[in-house]
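Q: Submitted below is the structure of interest, expressed as structure tokens.
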Amino acid sequence: MMGQNQTSISDFLLLGLPIQPEQQNLCYALFLAMYLTTLLGNLLIIVLIRLDSHLHTPVYLFLSNLSFSDLCFSSVTMPKLLQNMQNQDPSIPYADCLTQMYFFLYFSDLESFLLVAMAYDRYVAICFPMHYTAICFLLHYTAIMSPMLCLSVVALSWVLTTFHAMLHTLLMARLCFCADNVIPHFFCDMSALLKLACSDTRVNEWVIFIMGGLILVIPFLLILGSYARIVSSILKVPSSKGICKAFSTCGSHLSVVSLFYGTVIGLYLCPSANSSTLKDTVMAMMYTVVTPMLTPFIYSLRNRDMKGALERVICKRKNPFLL
């Protein structure tokens, strides 16, 4: 399909971030530090969950996949951004641009599905604590959040995102791009590419609206529904300590959900007529750079289970014979 594309350009030019030349080195160091923090933090989560058997539970299965998704999501855009800032070469080949767009959609969709799975896991843990305890510690196959169900949810998320990202990529590949090849963004954003196309983009726009509702809005509503049930269940708890514990358990997930869905829905599904390039860039930075970096801190590095796992792994390294 890409071979039939009638584009007359071989590459695009990414304008990058609106940064003054004298601020270039400082911003480069800042974004490099943020990217390395994202990589190391999410890798630490994945390794700890893999090595510590106490973390082989539904919530940490979803969290390890979310950390891997965040790691890859950030890696889709950040290396090219850092390279352009360092080399002052904003060009990106046409095929590479479509490839970047594909993986950007892939991992953003995957994050959306995994956030829903984690919300449902919190719902089961709080509203059905006896079932959840049996699942987590006795490994019984129950009708609620069984290990097979958890693995199926993760596998289905990976498969569905593949088809959705491929659909948008193939639709983009059929468009014609003429003289204008300047993308006012720091990555190959789908909406920015559509504005450069010199052929009819109505099919693309309808697919974005319809599939966006399925991939973003419906999962967001499912998350809100799960937390509505959670709040209703929490308010029935007579103990103030239990209420505080339940809210602290859900608060971290809700903060990431608000940051991710708020910016994505506002940027792609509810764009304003007077939306500026700077505003769109800042919003994109929030969910492509900031959210993946904050995930380890919000979810795990302040989590008692993760701290315990880190201590056990360190102790095993010091004393291999320690059980």
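Cβ coordinates come from backbone N, Cα and C, glycine included.
Grabbed the feature section from Swiss-Prot, which reads as follows:
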type     : residues     : note
DISULFID : Cys97-Cys198 : disulfide bond
CARBOHYD : Asn5         : N-linked glycosylation site
CARBOHYD : Asn274       : N-linked glycosylation site
TOPO_DOM : 1-25         : topological domain 'Extracellular'
TOPO_DOM : 50-57        : topological domain 'Cytoplasmic'
TOPO_DOM : 80-100       : topological domain 'Extracellular'
TOPO_DOM : 121-148      : topological domain 'Cytoplasmic'
TOPO_DOM : 168-205      : topological domain 'Extracellular'
TOPO_DOM : 229-245      : topological domain 'Cytoplasmic'
TOPO_DOM : 270-281      : topological domain 'Extracellular'
TOPO_DOM : 302-323      : topological domain 'Cytoplasmic'
TRANSMEM : 26-49        : transmembrane segment
TRANSMEM : 58-79        : transmembrane segment
TRANSMEM : 101-120      : transmembrane segment
TRANSMEM : 149-167      : transmembrane segment
TRANSMEM : 206-228      : transmembrane segment
TRANSMEM : 246-269      : transmembrane segment
TRANSMEM : 282-301      : transmembrane segment
Q: Per 10 Å Cβ neighbour count, which of the disulfide-bonded residues Cys97, Cys198 ranks highest?
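A: Sorting the candidates by Cβ neighbours within 10 Å, the top entry is Cys97.
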Q: Using Cβ distances below 8 Å and needing 3 or more such pairs, separated by at least 6 in sequence, tell me whether the transmembrane segment (206-228) contacts the transmembrane segment (282-301).
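A: Per Cβ check, the transmembrane segment (206-228) does not touch the transmembrane segment (282-301).
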Q: Within the topological domain 'Extracellular' (80-100), count helix residues (DSSP H, G, I), strand residues (E, B) and coil residues, in that order.
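A: Taking each residue of the topological domain 'Extracellular' (80-100) in turn, the totals are 15 helix, 3 strand, 3 coil.
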Q: With DSSP assignments reduced to helix, strand and coil, which class does Cys198 (disulfide bond) get?
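A: Assignment for Cys198 (disulfide bond) reads coil.
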Q: Which sequence positions outside the topological domain 'Extracellular' (80-100), separated from its termini by at least 6 residues, show Cβ-Cβ distances below 8 Å to it?
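A: Those are 2, 7, 9-17, 19, 24, 27-28, 31-32, 35, 169, 172-173, 177, 183, 186-188, 193, in sequence order.
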